[in-house]
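The domain 'FAD-dependent oxidoreductase 2 FAD-binding' annotation in TrEMBL covers B:75-469. Annotation source TrEMBL lists FAD binding site at B:80-85, B:103-118, B:Asp287, B:Glu452, B:468-469. Per TrEMBL, the feature tele-8alpha-FAD histidine maps to B:His111. According to TrEMBL, the feature substrate binding site maps to B:His308, B:Thr320, B:His419, B:Arg463. According to TrEMBL, the active site, proton acceptor annotation covers B:Arg352.
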Amino acid sequence: MSRHSKLQKQVLALYRHFLRAARDKPGFVPRIRDEFRENAALKRSDVMHIEYLYRRGVRQLEQLRDANTKQLGSFSRHTKETGNQ
Amino acid sequence: MGKFFRGLLISPGCIKLILNHCKRPLKQRKSPSSVRVSCSAAALRENVISFNHLHLLSVRTVISTQYPVVDHEFDAVVVGAGGAGLRAAFGLSEAGFNTACVTKLFPTRSHTVAAQGGINAALGNMEEDDWRWHFYDTVKGSDWLGDQDAIHYMTEQAPAAVVELENFGMPFSRTDDGKIYQRAFGGQSLKYGKGGQAHRCCCVADRTGHSLLHTLYGRSLRYDTSYFVEYFALDLLMENGECKGVIALCMEDGSIHRFRAQNTVIATGGYGRTYFSCTSAHTSTGDGNAMVTRAGLPCQDLEFVQFHPTGIYGAGCLITEGCRGEGGILINSEGERFMERYAPNAKDLASRDVVSRSMTIEIREGRGVGPEKDHVYLQLHHLPPQQLATRLPGISETAMIFAGVDVTKEPIPVLPTVHYNMGGVPTNYKGQVITYTEGADKVVPGLYACGEAACASVHGANRLGANSLLDLVVFGRACALTIAEEHKPGEKLSPLQPSAGEASVANLDKLRFANGSMRTSEIRLNMQKTMQTHAAVFRTGSVLKEGCDKMDDIYQTMDDLKTFDRGIVWNTDLVETLELQNLMLNAVQTINSAEQRKESRGAHAREDFKVLFFDESKVRHSSGNQGPRVWRKTCEEQNPSCLKSSVKYPQSVMIWGAMFCSSLVFLQTLGP
């Protein structure tokens, strides 16, 4: 099994930082996991996209670390049941 | 009291938003009858909603749309990062408040950067000057509608404000002995109008707004304000008539952010883009006015839209009044300096509404220039080229780029263009937003406003040039000072409902998936053309009424919107549509209030109710008659045109002006 590339290590480090930062703030951890798992499906070769997401993640991490960010909730829309949705 | 518009056109039946916030298990939750969950296992799990279980919603089914909402808590939040917003934000940070500044543009891209003219202040560098003369000029320029408390505050603070800016590092133009250069500007006089033209507009060549904004931005970096750049503020979070914060959309990643704060300051600027031809940026969409309207609060004096005399014909770009201050003149097809006829004393430096009307009359009477005889010329080539190069470099370039004209050889084609909105969110002189209930003014707790978005009202029915930049810094600071006086940093926030802002997100969702037949750009163009035709420099009752009806119809077409981008990251289609909603609210209120105000005052000139005075010498200063017959309404009744049956419409605009009686008294004591 090949070792992690530099970019992969960066992403993993970011994930760790996120989880650590989100420990005391309700609601963030599930969403962080969700986002990372979804984007894990990206191909290794799609470096531009990965780097873009990484940069965005760094900015979001800064905001998460800020003392004024308190919690995460969500608004959801569920449509009416129309049979076989 | 009539229908209140909440900014949202959702029909409650089919779609309901719920906030997945609570920790109660499924059995105790009563799902409302209109919400049904589909039968798939994953979807069933969706019903179990709490923070802990959020990861179970990872199955992205088509039917479920989720908007993550990040909650922030601050002591104060400022919406808008132009001149007023930045000044308020770092004023608050300086006073020790934990401040957030939410802006849809990067601070140095706010429209303040486009201001050219200058800042008025009675520094007395060019000749002897007194703030009371500035006060008189402003009150008179506002056509007696300005709030004298606010004007007093502003003009008295002006020298200190300019010196403060200079200390921040603003690179003012200098006289030979190193003092701040002050140029002549429209409507400024000495000795209460008797001492001739005053030179009190402090400037930085012809890019004062640019320098001001960059100076303020540089200064603001010293303080620890948190900037949320490219966050589009959707709505105010109001509860029991108190403002508890703002909800905003992060354009970069599509997340929703709720900023809870004890104090909210609105500094979102004007709404020039309701008109087809304007000097404003595409981002001047009146977001603050619309947020306040949706919160059920009134707006003030929206019918007063200033038409700047010299906007480039065709492009609409601004040619500053400073050109006329440096000696430029307006000429018609006969080569005549026509302003001499309309304002013998002030000539080209009469106040803007006078000049705009004069230009429009000249064009109407057939003395316009160009193939269609629909504009006039601004002549600068009689001035020494060095003066043009030092004092007016920016407009030389602007004229070359947008009109193809070399200002040292040819005149510039100009036309009155929408430039500024005197009206906005009503505030007192301290910057606190007020509403009018039960026959009296009442302060809205937790809400403040400053800058062009606010209506203090320092500009009344017409703004004098170079007073706007002054207004920004003085009232930006005033808001910060008022908040510092009334509150302490670190105060506990009042509780907020967990589902606050739900309606705004519902609206956002609806617009994001809008699938009607009319594009945003089409509806916007219709609105702009209607406003330009029906609510221009000269307004007539019948034309205004027709305009009101047309605007009603255009407003109804908003139900039939079509957007194309269904994503949430950098969805500019969605943001433009939100801006269109805001513009619509402003446009509708503007044209309706114009129709209701049956007099001519300042920038609002009615052909059928002419009480006009062009020549200053006609204004009498005797105690009984302070100029034209003035009548003001204190509060507008229900606006009949709004009561169309199915219209989800804003409540009619409550309009009132300043304390007219007190203004009479004050002027009497000031006069000779």
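Indices start at 1 and increase along the chain as displayed.
Placement of Cβ uses the backbone N, Cα and C atoms for every residue, glycine included.
In this structure, B:His419 (substrate binding site) is part of a beta strand by DSSP. Compared over the recorded positions B:Arg109, B:His308, B:Arg352, B:His419, B:Arg463, the count of CB atoms lying within 10 A of a residue's CB peaks at B:Arg463. Comparing B:Leu105 (FAD binding site) with B:Thr320 (substrate binding site), their Cα atoms are 24 Å apart once rounded. The binding-site residues recorded for this entry are B:Ala84, B:Arg109, B:Gly117, and the Cα of B:Gly117 lies nearest to that of B:Arg463 (substrate binding site). The substrate site is set by B:His308, B:Thr320, B:His419, B:Arg463; from the centre of their CB atoms, other residues of the chain with a CB within 8 Å are B:Gly117, B:Thr279, B:Gln306, B:Pro309, B:Leu318, B:Glu321, B:Arg352, B:Tyr420, B:Gly465, B:Ser468.
Residue annotation for substrate gives B:His308, B:Thr320, B:His419, B:Arg463. The furthest Cα pair among them is separated by 14 Å. When the Cα of B:Arg352 (active site, proton acceptor) is compared against those of the binding-site residues B:Arg109, B:Gly117, B:His308, B:His419, the shortest separation belongs to B:His308. In the three-state DSSP scheme, B:Arg463 (substrate binding site) falls into the coil class. Within 10 Å of B:Gly117 (FAD binding site), counting CA to CA, the recorded positions B:His111, B:His308, B:Thr320, B:His419 contribute B:Thr320.
Secondary structure at B:His308 (substrate binding site), taken from DSSP and collapsed to helix, strand or coil, is strand. Per-residue pLDDT, averaged along the domain 'FAD-dependent oxidoreductase 2 FAD-binding' (B:75-469), amounts to 93 for this model.
For B:Leu105 (FAD binding site), the Cβ neighbour count at a 10 Å cut-off comes to 18, with all displayed protein chains included. Note on proximity: among B:Gly80, B:Arg109, B:His111, B:Val113, B:Ser468, the recorded positions of the record, the Cα nearest B:His308 (substrate binding site) is that of B:Ser468.
Sequence-distant contacts (6 or more apart, same chain, Cβ under 8 Å) of B:Ser468 (FAD binding site) comprise B:Ala115, B:Tyr420, B:Glu452, B:His459. A distance of 13 Å separates the Cα atom of B:Val113 (FAD binding site) from that of B:Thr320 (substrate binding site).
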